[in-house]
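For reference, the structure is listed below as structure tokens.
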Amino acid sequence: MTTRPAVDDDVLTALGDLGSATLLEASGLPIDLPSRLRPVGARLTLAGRALPVQAAEGDNLPLHLALEQARAGDVLVVNAAGGDHGYWGEVLTVAAQVRGVHGLVIDGGVRDTEAIAELGFPVFASAIAIRGTSKRDARGAVDEVVLGRTRVRRGDVIVGDADGVVAIPADRAVRVLAAGRARQTAEAGYLDRLRAGELTLDIYDLRPTTESGDDVD
Ligand SMILES: O=C([O-])CC(=O)C(=O)O
Ligand SMILES: [Mg+2]
């Protein structure tokens, strides 16, 4: 297992407060997970440290094994290799909550979604599917998984909300927090100017130049 720098709890909480879109834009990094990962149930916000899990199609033993390895504050980030299966449901949700796990992000299906919503556990999934899984693939948690264009390593900061999910490399967390705060402050200033009657065209300096360089008779 690789060693990752541990991100402090206060940095984690502050990143969670900034929101996924601000963090993505401020970071300048390709940290967004695929947009097919949508929140399941009413609990939309999520912040925690990644525990990556790779599952074979149609098998959820790696998720059960990962829960034994999980620490409080972890978020399981699962590449379930596609497949129309419910890899996670009410039973695994309760098991995760008892261990202090902060949430689940899965490129794959989940089921028991009403129960998950009632339990208030944050789940972001690419599908809802009722077909069950086998329990044979004994891999457990791994060092990293790739979801879409983004590599997620153990200990990376996961932030999810109504807009989507980002995975911030642990060694960039403090820098991304500073950039996110700067962006939030700048946008608050833009909102004040908009309310005072200015246009985005002027605030962002977007007006097409009228000087084409061509002579006009
Ligand atoms: O049992 C499973 O493998 C998935 C599930 O429905 C649950 O966790 O409740
Ligand atoms: Mg179930």
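Positions of Cβ are set from backbone N, Cα and C atoms, glycine also.
The substrate binding site annotation in TrEMBL covers GLY89, GLU90, VAL91, LEU92, ARG111. Within its own chain, VAL91 (substrate binding site) has ASP112 as residues 6 or more apart in sequence whose C-beta sits under 8 angstroms from its own.
Secondary structure at ASP112 (Mg(2+) binding site), taken from DSSP and collapsed to helix, strand or coil, is coil. Residues annotated as Mg(2+) binding site in TrEMBL: ASP112.
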Residues satisfying Cβ distance under 8 Å from ARG111 (substrate binding site), sequence separation of at least 6: GLY86, TRP88, GLY89, ILE128, ALA129, ILE130
Other C-beta atoms that fall within 10 angstroms of the C-beta of ASP112 (Mg(2+) binding site): 19
